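Undergrad: Once you've had a glance at the structure underneath, I'll fire off some questions.
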Amino acid sequence: MTYNIVALPGDGIGPEILNGSLSLLEIISNKYNFNYQIEHHEFGGASIDTFGEPLTEKTLNACKRADAILLGAIGGPKWTDPNNRPEQGLLKLRKSLNLFANIRPTTVVKGASSLSPLKEERVEGKDLVIVRELTSGIYFGEPRHFNNHEALDSLTYTREEIERIVHVAFKLAASRRGKLTSVDKENVLASSKLWRKVVNEVSQLYPEVTVNHLLVDACSMHLITNPKQFDVIVCENLFGDILSDEASVIPGSLGLSPSASFSNDGPRLYEPIHGSAPDIAGKNVANPFGMILSLAMCLRESLNQPDAADELEQHIYNMIEHGQTTADLGGKLNTTDIFEILSQKLNH
């Protein structure tokens, strides 16, 4: 079997971290004996510059045919038209592929807890995953309008939309430490009242998983005061957007966090959670670990290569533990150095 992978380098540091990761994929495929082919497509701001829109039909159709999609990063201050922004291409891609589940693991690597802005004893060994609903909620709700006197956004969830994301979270929790925290604003929002009701109903199908409910403001506090209490967190789109960014800084850098977005069937999208960092683009100083860890998720989930994913992750964790990092993590290596060291380790 030959896997079909679509590469979307995007903007800013996206091309350099994605292209380096693809060089690692070539080494890994030879080592673990699997075949793949790559289609490169412009996306985001780069696509706006070339084609006038962030996501062309050609690119979208290629993504629909793919087994997996690897995305570098998109966006930047260059693209200011509110009706034609790079981020709108990503929203359209998620909606078109029905990528309703976003998985964001956050791990504090052994020996790297000193990098965290929190006290080491609070974060040592922290390992949690946030499961975020990605294609409904206030980002997609209708009606919506904006003028100089009034603005309206709509927050809507159906039972089916809640059930499908909650099942993903329960299954993930069952495969880990068996604890699920559901986050809502049930004390004031009608959508959250339905959310909590559905979570309680679905929980009956997963007796091996312990469930607790937290209001979103309480959860944001506990992520800082006691992050190690969490295993899997599930939440709606807006809450997940905010909480996952909060959680991602606990290891010490946004550059350490990967993510995966998927539907019940069809291709999955893998990307680091950080932005395009246009201020450092092309300077060979970007931290590529988030992108490489996203590649590891792709190897495990879409390319059926769990051993390769484990090896790649372990090499990264060992590098971080021994201070072989870029400057944002206190190290002295540049982007190219990271890829060269990992290439040597994988070829060993």
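Cβ coordinates are placed from backbone N, Cα and C, and glycine is handled just like the others.
Pulled from Swiss-Prot, these are the listed features:
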- 76-87, 275-287: NAD(+) binding site (BINDING)
- Arg94, Arg104, Arg132, Asp217: substrate binding site (BINDING)
- Asp217, Asp241, Asp245: Mg(2+) binding site (BINDING)
- Tyr139: site 'Important for catalysis' (SITE)
- Lys185: site 'Important for catalysis' (SITE)
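Surface or core, plus neighbours and distances: that's what I need for these features.
TA: Sequence-distant contacts of Asn84 (NAD(+) binding site), defined as residues of its own chain at least six apart whose C-beta falls under 8 angstroms from its C-beta, comprise Ile48, Gly52, Glu53, Pro54.
Counting only same-chain residues six or more apart in sequence, the Cβ atoms lying under 8 angstroms from the Cβ of Asp217 (substrate binding site) belong to Lys185.
DSSP assigns Asp241 (Mg(2+) binding site) to a helical segment in the three-state reduction. With a cut-off of 8 Å between CB atoms and residues at least 6 apart in sequence, the same chain places Arg132 near Asp241 (Mg(2+) binding site), listed in sequence order.
Its Cβ placed at the centre, Tyr139 (site 'Important for catalysis') has 17 other Cβ atoms within 10 Å.
DSSP gives Lys185 (site 'Important for catalysis') a coil state; it is part of no helix or strand.
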Undergrad: What whole-number Å value do you get for the CA-CA distance of Tyr139 (site 'Important for catalysis') and Asp245 (Mg(2+) binding site)?
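TA: Computed Cα spacing between Tyr139 (site 'Important for catalysis') and Asp245 (Mg(2+) binding site) is 17 Å.
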Undergrad: Among all protein chains shown, how many Cβ atoms are found within 10 Å of the Cβ of Lys185 (site 'Important for catalysis'), not counting that one?
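TA: So the number of other Cβ atoms within 10 Å of Lys185 (site 'Important for catalysis') is 19.
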Undergrad: How big is the Cα-to-Cα gap, in Å, between Arg104 (substrate binding site) and Lys283 (NAD(+) binding site)?
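TA: Given the Cα positions, Arg104 (substrate binding site) is 27 Å from Lys283 (NAD(+) binding site).
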Undergrad: How big is the Cα-to-Cα gap, in Å, between Thr80 (NAD(+) binding site) and Arg94 (substrate binding site)?
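TA: With the alpha carbons as reference points, the distance is 22 Å.
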